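Novice: What TrEMBL shows for this protein is this:
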type	residues	note
DOMAIN	28-165	domain 'Yip1'
TRANSMEM	28-45	transmembrane segment
TRANSMEM	57-77	transmembrane segment
TRANSMEM	97-113	transmembrane segment
TRANSMEM	120-140	transmembrane segment
TRANSMEM	152-176	transmembrane segment
Amino acid sequence: MIRASRFDAALFEEAEANPALGNQARNLVLLVAALSGLGAALLNLDRGVPAAITSFLFRSVAVTVGWILWSAVTLWIGTTLTASSETHADAKEVRRVLAYAFSPWALSVLVFIPTIGPIIFLISSFWVLIAGVVAIHTALDFSFSRAVITVFAGWMVLGAFVIVATLLGLGLSLLFSGGS
């Protein structure tokens, strides 16, 4: 996680080239999802335990699905719309490298802290975006500018998904808290 958060290109090269890192990458996303879910649960704990549990489950699933969605969209854009003659990647490679790029979102466990929690989430989100650019630059053998375009386009889809998932999660937590 630390290497990914430091934008270590060698880590992304390893993740791309080594299929044995697939389980580790998936487990990393599940850890980040659980930490993010914990932050959401703590944020909603004042609404009651059912709302906190709902927030935990919804946020954890949303982060995991978001990783899969971002990987799929980025792969499609990167191998069709922005591909170069050197571009060669498959779904597993892209999922692995973007899993490591998700590392900074572990900080979203702190989202419940008044005032700074949302700032930490925003900073970690941009951190994930930049790590994603480094990951795709490495995995798809892209120029940096091509990686920025590819990742940003995929990020827009992920962003729309996160907004919808957040609104649904908020609605569910309000439902379980009795609307208070």
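Using the three backbone atoms N, Cα and C, a Cβ is placed for every residue, glycine included.
Whatever TrEMBL says is automated annotation, not expert-curated.
Tell me about the setting of these features in this model.
Specialist: With a threshold of 8 Å between CB atoms, the same-chain residues lying at least 6 positions outside the transmembrane segment (97-113) that come near it are 1-5, 11-12, 15-16, 25-26, 28-29, 31-32, 35-36, 38-40, 42-43, 45, 63, 67, 70-71, 74, 120-121, 123-125, 127-128, 131-132, 134-136, 138-139.
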Novice: Grab the pLDDT values for the domain 'Yip1' (28-165) and give me their mean, rounded.
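Specialist: Reported value for the domain 'Yip1' (28-165) is a mean pLDDT of 91.
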Novice: Given a Cβ distance threshold of under 8 angstroms, which distant residues of the chain, six or more beyond its ends, lie next to the transmembrane segment (120-140)?
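Specialist: Cβ under 8 Å, 6 or more out: 4-5, 7, 9, 12-13, 15-16, 70, 74, 78-79, 83, 87-89, 93-94, 97-98, 100-108, 110-111, 113, 146-148, 150-152, 154-155.
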Novice: What are the DSSP helix, strand and coil residue counts for the domain 'Yip1' (28-165)?
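Specialist: Looking at the domain 'Yip1' (28-165) with DSSP, the answer is 118 helix, 0 strand, 20 coil.
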